[in-house]
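Asks: Take this structure first; my questions come after.
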């Protein structure tokens, strides 16, 4: 069952990356403003920050299969709606912002449920391999999706990417529909709020858990917003157009795929905590160098390193959490993990976009990269519980 779920996820992930790339290009076409690229991130951040933790509670209290059926169907409908608006020439910036907001509401429930479901499908002994495969599915799609989106946008416009993404959700729906029921794992005697508070107390009480949250949170907020502003780097810095934009995103995806493939073997090594801090430092350093590049020949290898190291940061954190957290808390802890990319990254995009509108986007991204690098060096002393994790 996991194999079919994984294959279907690849199809859906390709569609999601196509929409991500096309949406950024459409925003730039409509507004020619880095501010709106950041604002769409804020629209995703609001529901992510306010709903994701409750999504984790639902993942522990409800049948995870039924939750995924609802969320995947809703996500597909939203993508098709944006595609139709664009195809008929009726799309406006407020449509994009609203659909981004509603999609984030759906994903705030979908993502923690999906994360919590993985050990149920593969068993705890295969978690590192499953985390690596899931990351490979997402980042492999990051190679194909942007390349297809670049071709589609250049040939027929952005609407085709949105419509194909909407159709791609059918693959996951077909597999999840055939899954056996997933009995609730959480304590149903407590209220949803009590379940949520219990999960937060658990995270706060374990230095390893909140240390891991910091180790992914800082690079997510300060470093990962760079991807949202790749249209600016493509158009204004490297001057490579829509096709080049898709190529840059694909190169970043190749690096991310390499990092994802490395998660499984590295997940079986010792001192994974120290390794996590090293790859985070490499992410900050390579991103800092990328912001200063004005040539495609130097930008491409740097983007590959950036993609690989940010994926290793997420994959190693995910593996360490899954190995540490008990099953009855998994949905809530993984919702906090999911909250970071879903909530902090859009907020970081908004801040980076606002700062970039004043001092240029490359300089704003460079400042964030410097913060990531400084944190990584300091964390080796400030987060000993993480550094010593096996």
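Quick reminder: no glycine exception, Cβ is built from N, Cα and C everywhere.
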Asks: What range among 275-296, 297-318 does TrEMBL describe as transmembrane segment?
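Replies: Going through 275-296, 297-318 one by one, TrEMBL gives transmembrane segment for 275-296.
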Asks: For the domain 'Major facilitator superfamily (MFS) profile' (1-387), report the average pLDDT of the model, please.
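Replies: The predicted confidence over the domain 'Major facilitator superfamily (MFS) profile' (1-387), as a mean pLDDT, is 88.
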Asks: Let me check one thing: do the transmembrane segment (247-268) and the transmembrane segment (162-179) come into contact, meaning three or more Cβ pairs under 8 Å with sequence separation of at least 6?
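Replies: Contact absent: fewer than 3 Cβ pairs fall under 8 Å.
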Asks: Against which stretches of its own chain does the transmembrane segment (34-55) lie, if we need a Cβ under 8 Å and a gap of at least six residues from its ends?
Replies: 23-24, 27-28, 93, 96-98, 100-101, 103-105, 107-113, 192, 196, 199-200, 225, 228-229, 231-232, 332, 335-336, 338-339, 342-354, 356-357, 361
Asks: With the transmembrane segment (209-227) as the reference, find which of 5-28, 67-85, 162-179, 363-383 contributes the most Cβ pairs under 8 Å.
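Replies: Out of the listed stretches, 363-383 contacts the transmembrane segment (209-227) most.
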Asks: Could you check if the transmembrane segment (5-28) is in contact with the transmembrane segment (275-296), meaning 3+ Cβ pairs under 8 Å among residue pairs at least 6 apart in sequence?
Replies: no
